[in-house]
Amino acid sequence: MENLLCEKGEMIEQTLLLDDSETQKGGFRTLPFILGNAALTNAATSALTPNMILYLMNEYHMDMTTGSNIIYMWSAVTNIAPVVGAFMADSFVGRFQMIGLGSVVTLVGMFLFWLTSVIPQARPPPCVNSNNICRSAEMFQLFFLCFSLGIVAIGAGAVKSSSLAFGSDQLKREVYQDNTRLMERYFSWYYASYALSILVALTCLVYIQVNMGWALGFGAPGLLMLFSTLLIYLGTPFYVKLKPKSSLITGLFQVIVASYRNRCLKLLSRSEGIQYHQKKGSTVVLPSEKLRFLNKACIVQDYRLDLSPDGEAIDPWRLCTVDQVEELKALLKVVPIWLTGVVLSINISQNTFPVLQANTMDRHIGSSFEIPAASFGIFAVISAILWIVLYDYLILPIASKLTGKPAHFSTKERMGFGLFLSFLSVLVVAVVEGVRRSIAIKEGYSDDPEGVIPMSAMWLLPQNSLTGFAEALHAIGQNEFYISEFPKSMSSVAASLLGVGMGVGSLLASSIMSTIDDLTKRGGEESWVSSNINKGHYDYYYLVLAGFSLVNILCYIVCSKAYGPCKEEVMEEEKP
């Protein structure tokens, strides 16, 4: 959900031009195709994640660490792929082509992954129960599994990179001519369809996997993906298709290259007549004094050699505009705060053990219905949605009444509180797991990691609720922070930072789990992250994550103070 919360800013500033033949296309008639494609794609891909650890451990005979690392890597690609997809769509391919191609690629990946559940040769043979002998997956079987998951991640990332922006493209004519609230309504519909798709994935599709088998359970998402692909192409005659142009990300790399190529230039004071290359129509005349070495990228050395007759740089990889330099500086300035969000992403990435944990607890509601272990993540989603509603309609109004003036919590305050709630969530996981493990050992389940103990799974609700609250607080706050601090031209970069952070967090989570596994199983000891969760010590593992989170909060406080007041805080102080 965090990736979704960051995308709205990308839509604020778009400067691509329409062909004359496109001016009669677009409008609300295109939205069912675009929203349907995005929602069905998200539901189909999201349905694979919850039960994936059980599938890998039971069908591929992987241990907990290996299965988790595959999921972490898959999650990293899933979160980083939209950034690459957005760059390709904006610069070369175009948004419609990117969504269409991504849908087809995702469909192919879903089909290949479904084959692993229906072709016995695609996975190891079942274990011999009498001797508990399990064969590991062969190299080709592992390659086929990882290849199919990678194709799904790349394709879904391509769709996600352009869906929101492509829908926005369809409404620009109406927004400019008729009603400025149409875009807001579109954003609301997009977010609502996204949330609904998550709920469907965590309930209906997970239920099919648990109760009807893997073949049907993975076939149902594949069928949804087929409908998604058909839907996006059915609307082809009605779409507005914008021409790709140079991406802002390219401009940031140009500044880095140009500043290096001009590294021998001497930086003098502003008063000594240095000429800087300015963007046409820009109000930014001179570069700031911070990170001055980057200013070399926009120094005009010779007008005849550096600039064309229309004032554009002849070689944009040697001469950039002042705006480009300031955009890169704005990005570098927020990196320390962004890094603190990566640690929260590590906590959010822990989605394998909670499934195994819930699988050993009493999940019955009443005498007949049992909640699937993988469906408990829905409580985090519900909590995130609940926080968004309560914040606007309950918390702020009450705070305003108590203070006697309009209340507002800054983006940095909300990010900090989100980090604190994330710390509490992993701490609660450690405490609950300690209790669960003690009960399991007391009841004689030490050697039976799948045995159900007499402890209600409702004990998992606090940790899921805290995770949802933390994610909503931090993701929304971080997104608003980037949007407010960056120049308007950088809204696409702001929309990408959260996704990159989630991807990096998944990679770090994999590294942490592997390191703890290697350290704790030395000398023949049972690993803390053992496949037998009753013999392992996941309570200790989560205490380590809590320690990282506590240190991260302290780092955030230091980085926040070092950053200084953000633009919204300055505006609040200037109000009478």
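Placement of Cβ uses the backbone N, Cα and C atoms for every residue, glycine included.
Just so you know, TrEMBL annotations never went through curation; they're auto-generated.
For 34-57, 69-87, 99-119, 139-166, 187-208, 214-235, 371-395, 415-432, 493-513, 540-559, the entry in TrEMBL reads transmembrane segment.
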Mind checking which residues reach the transmembrane segment (415-432)? Cβ under 8 Å, same chain, six or more beyond either end. 337, 340-341, 343-344, 347-348, 350, 354, 409, 459-460, 462-463, 466-467, 469-475, 477-478, 481, 538-540, 542-543, 545-546, 549-550, 552-553, 556-557, 560
Given the cut-off of 8 Å on Cβ pairs that are 6 or more apart in sequence, determine whether the transmembrane segment (187-208) and the transmembrane segment (34-57) share at least 3 such pairs. yes
Can you see whether the transmembrane segment (493-513) and the transmembrane segment (214-235) are touching - at least 3 CB pairs under 8 angstroms, only pairs 6 or more apart in sequence? no
Same chain only, please: residues at least 6 beyond the ends of the transmembrane segment (34-57) with a C-beta under 8 Å from a C-beta of the stretch. Say none if there are none. 63-64, 66-68, 70-71, 74-75, 78, 99, 103, 106, 110, 113, 117, 149, 152, 156, 159-160, 163-164, 166-167, 170, 189-190, 193-194, 196-198, 200-202, 205-206, 209-210, 214, 217-218, 220-222, 224-225, 227-229, 231-232, 235, 351-352, 355-356, 359, 372-375, 377, 531
Please identify the stretch among 69-87, 139-166, 214-235, 371-395 with the greatest number of Cβ pairs below 8 Å relative to the transmembrane segment (99-119). 139-166
Residues outside the transmembrane segment (371-395) whose C-beta sits under 8 Å from one of its C-beta atoms, at least 6 past its ends, are 1, 50-51, 54, 195, 198-199, 202-203, 206-207, 209-210, 351, 354-356, 358-359, 363-365, 457, 460-461, 464-469, 471-473, 476
Six or more residues beyond either end and a Cβ under 8 Å away: which residues meet both conditions relative to the transmembrane segment (214-235)? 30, 32-34, 36-37, 40-41, 43-45, 47-48, 51, 55, 59, 99-100, 103-104, 106-107, 110-111, 113-114, 117-118, 201, 205, 208
